[in-house]
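**Q** Got a structure for you, written out below as structure tokens; questions coming shortly.
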Amino acid sequence: MKKEKTERTKQSWRKAQNAPSLSEVNNSVAIPKNAKFFRKLFAFMGPGALIAVGYVDPGNWATSIAGGSEFGYTLLSVILISNILAVLLQSLASKLGIVTGRDLAQASSDHFSKPFGFVLWILAELAIIATDIAEVIGSAIALNLLFGIPLIWGVCITALDIFLVLFLQHKGFRYIEVIVITLMVTILVCFGAEMVMSHPDMQAIAKGFIPQSEIVTNPAMLYIALGILGATVMPHNLYLHSSIVQTRQYARTKEGKREAIRFSFIDSTFSLTIALLINASILILAAAAFYTTGQHNVAGIEDAYKLLNPTLGSSIASTVFAVALLASGQNSTLTGTLAGQIVMEGFLNIRLKPVVRRLLTRVLAIVPAVIITALYGANGINELLIFSQVILSMQLSFAVIPLVMFTSDKQKMGEFVNSPWLKIVSWSVAIFIAFLNIYLLFYTLTSL
């Protein structure tokens, strides 16, 4: 009976798996056997931090700054709801990887026809390039703010981080996780310090986490709210998470998978809570520094930087802000490289050397950034940053819907299939995100 069940599960996939996801690091991080809970949890911690990076990349900063400066603390509830949706979707992605041994790209390639799989690959690559554009722009702006390096040269300098990525990959997957966690802590500490300097209204903050009807009734507020929701869940993160959870040496048995799912959920939920604190602190800082002082139209990251020192009365406020921005851009670079490799190998079964893969993605991101910077300067760069987030929003449903489909399929997931209530919630979220992105696309096109 057990053998028959295994055979049925195997038959749910059309083709045998060619190679494990990220084969060079798959099953490479040891998990101590018979260890106590917290020691095991520590061994499983790490992938969640890499995922959380996508929730605090430079692309998210613009929406949080705009929301805080224009509407005060009201949109904090939107950041909270976005985070809850993220926890749900990332838990599905990690479960898919742990149970099936396939990442989302491999599963999609097997399930769908070759032409449709190719379309999904193109869309996923566009999302990764869009993410990389946001990283390039964020790092270039930070270098400009900290050292006065012209934006166009800052964009070119970001190509050098390729060598950092390659060095860390060579050292081992745990090194990448440690660097990412260090940079995340840097960002959190920076914004913690900024918040202390800004003296926010704690009562207004508490009220901001309660959803208000005006978010829906005020068109301008609704648009920024949708922008926060649309830019929070990153499509490449779903591919990434379904792969990197497999770096752990958990037993590939039912009990081992169940334990891995539990620890992975704790890991990602903890890391996404840190991301929530960072995003909330960006909005709180913008509200305390700009909204309460009547500066309601802070157009971009550079404007926020310039206004922080005189508003907060501290000479280091802007510097700390720029350091956090640079850390955010570098963090996202590390995860973008891995996601690109996962997508190309999973959909096309093409295995490029990491240096070639990274150069290809970075060149495709740098070229538009250099052209826009040369032609339009800082204003053009901010427009490109917003455009990259629109591209990400458009692609999201093409990752979310297959993810919900696969994790709701008993033949693929066996006893780990989504429960009836989880299916209802997951499909509701998928439909909501699809509607949200259609609305955002329509609004963007009509406002051109």
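A Cβ is built for glycine as well, from the same backbone N, Cα and C atoms used for every other residue.
What Swiss-Prot records for 41-61, 69-89, 117-137, 147-167, 176-196, 215-235, 270-290, 307-327, 363-383, 384-404, 424-444 is transmembrane segment, and it gives sequence analysis as the kind of evidence.
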**Q** Find the member of 69-89, 270-290, 363-383 that has more C-beta pairs under 8 Å to the transmembrane segment (147-167) than any other listed stretch.
**A** 363-383
**Q** Out of 41-61, 270-290, 424-444, which stretch has the largest tally of CB pairs under 8 angstroms to the transmembrane segment (215-235)?
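**A** Out of the listed stretches, 424-444 contacts the transmembrane segment (215-235) most.
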**Q** Could you pull out which residues elsewhere in the chain have a CB under 8 Å from any CB of the transmembrane segment (69-89), counting only those six or more residues past its ends?
**A** 55, 200-201, 204-205, 207-212, 214-215, 220-221, 224-225, 228-229, 232-233, 238, 268-269, 272-273, 275-276, 279-280, 283-284, 286-287, 290-292, 295-298, 304, 400, 403, 425-426, 429, 433
**Q** Which residues, given as numbers and ranges, are at least 6 beyond the ends of the transmembrane segment (176-196) yet have a Cβ under 8 Å from it?
**A** 46-47, 49-50, 52-53, 56, 168-169, 271, 274, 277-278, 281-282, 284-285, 288, 308, 312, 317, 320-321, 323-324, 327-328, 330-331, 334-335, 338
**Q** Among the recorded stretches 41-61, 384-404, 424-444, which has the greatest number of Cβ pairs closer than 8 Å to the transmembrane segment (117-137)?
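**A** Counting Cβ pairs under 8 Å, the winner is 384-404.
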**Q** Could you give the residue numbers and ranges of same-chain residues that sit at least 6 residues beyond the transmembrane segment (424-444) on either side and whose C-beta is under 8 angstroms from one of its C-beta atoms?
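**A** For the transmembrane segment (424-444), the sequence-distant neighbours (Cβ-Cβ under 8 Å, at least 6 residues beyond its ends) are 85, 88-89, 92, 223, 226-227, 229-230, 233, 390, 393-394, 396-397, 400-401, 404, 407-408, 418.
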